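Asks: Sharing a structure below in structure tokens format, with a few things to ask.
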Amino acid sequence: MAGAEGFQYRAVYPFRRERPEDLELLPGDLLVVSRVALQALGVADGGERCPHNVGWMPGFNERTRQRGDFPGTYVEFLGPVALARPGPRPRGPRPLPARPLDGSSESGHILPDLAEQFSPPDPAPPILVKLVEAIEQAELDSECYSKPELPATRTDWSLSDLEQWDRTALYDAVKGFLLALPAAVVTPEAAAEAYRALREVAGPVGLVLEPPTLPLHQALTLRFLLQHLGRVARRAPSPDTAVHALASAFGPLLLRIPPSGGEGDGSEPVPDFPVLLLERLVQEHVEEQDAAPPALPPKPSKAKPAPTALANGGSPPSLQDAEWYWGDISREEVNERLRDTPDGTFLVRDASSKIQGEYTLTLRKGGNNKLIKVFHRDGHYGFSEPLTFCSVVELISHYRHESLAQYNAKLDTRLLYPVSKYQQDQVVKEDSIEAVGAQLKVYHQQYQDKSREYDQLYEEYTRTSQELQMKRTAIEAFNETIKIFEEQGQTQEKCSKEYLERFRREGNEKEMQRILLNSERLKSRIAEIHESRTKLEQDLRAQASDNREIDKRMNSLKPDLMQLRKIRDQYLVWLTQKGARQRKINEWLGIKNETEDQYSLMEDEDALPHHEERTWYVGKINRTQAEEMLSGKRDGTFLIRESSQRGCYACSVVVDGDTKHCVIYRTATGFGFAEPYNLYGSLKELVLHYQHASLVQHNDALTVTLAHPVRAPGPGPPSAAR
């Protein structure tokens with residue numbers, strides 16, 4: 001233990017407080033124990049690595065910001081930390097609780113998987129729906145909801161006496177429901193994608209946590225809960241404060257194990273990530289609810305003309321054939337399509353819920369995009385009850401001629417200008433490979449400049465967000481300190497009156513002056529703390545305002561980045577289809593052409609081992625097994641395997657000595673790593689293309705080609721440094 005001020009541990013099992021001095025634990029909680037505390041317990045050097053042998057340990061829970069005792073059998077050792085913590089307090093011997101068995105009921109997981117609890121079109125598990133409905137029928141209270149204490153484990157989920165529950169019991173039951181699930185709502189894989197979305201250029205993080213990244217039942221449950229928490233925050237006196245408090249309470253429940261700082265890099269977990277993620281998600285839902293138009297009132301009964309195709313005796317037009325129907329596209333792409341378009345421009349896409357029959361109409365009005373949900377029940381469609389249209393095509397056709405103002409006075413427009421999926425602009429105007437390459441170089445440079453600007457803003461945003469969190473914590477500490485001093489002042493004032501009266505009778509002027517001086521000093525100290533807190537609150541408000549401005553600047557850059565990336569990609573696709581050499585494309589992109597590998601010298605491309613699928617396709621193995629197969633291999637060694645995402649594959653490739661993973665999508669146009677590159681008729685065609693084409697065009701960190709099939713003969717490990 002010599003040299004380390006403290007040691008960090010991570011909770012493996014949940015633990016419920018048994019005594020006032022105990023700490024509540026959730027899996028993934030980070031705990032710090034001082035070296036002095038362990039020495040006081042008689043722990044020898046090296047003994048800190050075996051917490052199950054130590055017994056009860058005094059420490060600090062970084063999630064709850066509380067100190068207390070926790071059982072060493074419930075945690076695992078992480079490593080030393082340079083954090084000094086107060087020494088232990090004396091306590092008597094106490095037996096340890098039994099270490100929970102993996103998968104046993106000791107952990108409190110008594111509910112079945114979400115997939116076994118409900119099925120679409122239900123929005124969420126019936127238990128959760130009942131609890132939320134009961135809470136929203138009563139007065140919403142974000143303070144009760146955001147308490148860090150964990151509820152007692154519940155074994156009866158029949159909810160038969162729900163009407164008799166008070167507000168606190170309802171709030172605790174929602175948390176207890178999440179704790180009782182056998183697995184976190186946000187899977188580790190989805191959390192890793194969300195972590196990347198927080199760091200990289202992307203749209204709202206909520207779009208990442210949709211199927212197939214997050215399983216359907218988890219995605220529906222998460223969306224239902226986020227909508228509820230968003231309503232709770234909006235009704236709070238201070239929505240921003242409520243969002244942070246709710247995220248602190250629910251983040252560790254929805255995401256029990258924080259992801260590591262990078263993928264496959266062995267970095268330490270990010271302890272605040274569950275809170276940061278949920279804070280962003282709830283904030284997005286609050287903003288979405290604020291931006292959405294008011295609920296549509298019932299539609300007045302009105303005779304509607306028959307569709308033209310039916311009137312002429314033809315068959316009704318198909319939704320798939322409608323020019324304004326774009327299918328499954330993201331909200332960001334919709335925003336891009338409607339950018340700088342006149343009022344009345346519109347398109348229809350599949351709803352983000354991915355439930356069959358649900359659609360979203362996006363309409364341009366007042367320079368903004370208005371989202372209108374298309375409801376569906378029993379084969380009928382509409383914007384609100386009653387649902388009178390027999391198809392989405394019939395619904396849209398009707399409002400090509402009728403104003404939406406009858407539903408919402410602010411939507412005083414018709415569906416005038418459809419965004420046609422058949423008339424997309426031809427971006428590439430040049431007609432020669434050299435001219436297209438030169439223009440690609442210009443767009444790529446613009447994209448890199450914008451990316452650097454965004455990265456700088458993101459670093460500044462992250463830094464200021466951390467500082468804001470520290471200041472919020474400091475204000476909480478000030479509040480506790482003021483409370484202690486004021487209680488001390490009240491006690492002193494009460495006692496001082498008795499002693500002053502006594503010393504006045506005795507004529508002891510010296511003691512009277514000492515008591516009065518102490519009282520004045522205490523009042524002065526309280527005033528100083530109040531003043532410091534006020535100054536800190538002012539700094540917090542100013543910095544929060546600056547932080548919001550940075551966020552706005554980042555958001556304003558995102559559409560430009562997406563547009564430049566899209567244009568650059570279309571130029572790359574054009575060059576690839578025209579047979580441009582990859583070496584030349586690399587020069588235009590400013591990518592250094594690597595030295596020739598053992599296969600690039602082959603005159604006959606048919607002799608490449610890449611033609612043999614058995615050299616690189618390994619079938620159904622998981623990420624860990626793939627990393628084991630590629631361990632110690634040279635850069636560019638790769639394999640293709642089945643992905644955990646249904647209908648997709650995964651490419652695992654060695655980059656700078658580490659194994660990286662990327663999804664290969666299978667779409668109607670072919671295989672590929674991303675749109676618009678899903679062009680390859682088979683996995684073999686894709687592998688042969690990226691044998692000489694760098695993956696860097698898809699991800700700046702993937703500076704390799706698919707050079708060496710993992711099962712091909714030839715040198716495997718990298719050569720030793722000379």
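Cβ coordinates come from backbone N, Cα and C, glycine included.
In case it helps, Swiss-Prot gives these features for our protein:
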type     : residues : note
DOMAIN   : 4-80     : domain 'SH3'
REGION   : 84-108   : region 'Disordered'
COMPBIAS : 87-98    : compositional bias 'Pro residues'
DOMAIN   : 112-293  : domain 'Rho-GAP'
SITE     : K147     : site 'Arginine finger'
REGION   : 287-319  : region 'Disordered'
DOMAIN   : 324-419  : domain 'SH2 1'
MOD_RES  : Y458     : phosphotyrosine
MOD_RES  : Y599     : phosphotyrosine
DOMAIN   : 616-710  : domain 'SH2 2'
MOD_RES  : Y649     : phosphotyrosine
Asks: What number of additional C-beta atoms lies within 10 angstroms of the C-beta atom of Y649 (phosphotyrosine)?
Replies: 18
Asks: If you run the three-state DSSP split on Y649 (phosphotyrosine), which class comes out?
Replies: strand
Asks: When secondary structure is assigned with DSSP, how many helix, strand and coil residues does the domain 'SH2 1' (324-419) contain?
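Replies: Secondary-structure composition of the domain 'SH2 1' (324-419): 18 helix, 30 strand, 48 coil.
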Asks: Including all protein chains shown, what's the count of other C-beta atoms within 10 A of the C-beta of Y458 (phosphotyrosine)?
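Replies: Total other Cβ atoms inside 10 Å, all chains included: 18.
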Asks: Can you tell me how the residues of the domain 'SH2 2' (616-710) break down into helix, strand and coil by DSSP?
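Replies: The domain 'SH2 2' (616-710) comes out at 19 helix, 32 strand, 44 coil.
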Asks: Please report how many Å separate the Cα atom of Y458 (phosphotyrosine) from that of Y649 (phosphotyrosine), as a whole number.
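Replies: Here the two Cα atoms are 31 Å apart.
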Asks: Within the domain 'SH3' (4-80), count helix residues (DSSP H, G, I), strand residues (E, B) and coil residues, in that order.
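Replies: So the counts come to 16 helix, 32 strand, 29 coil.
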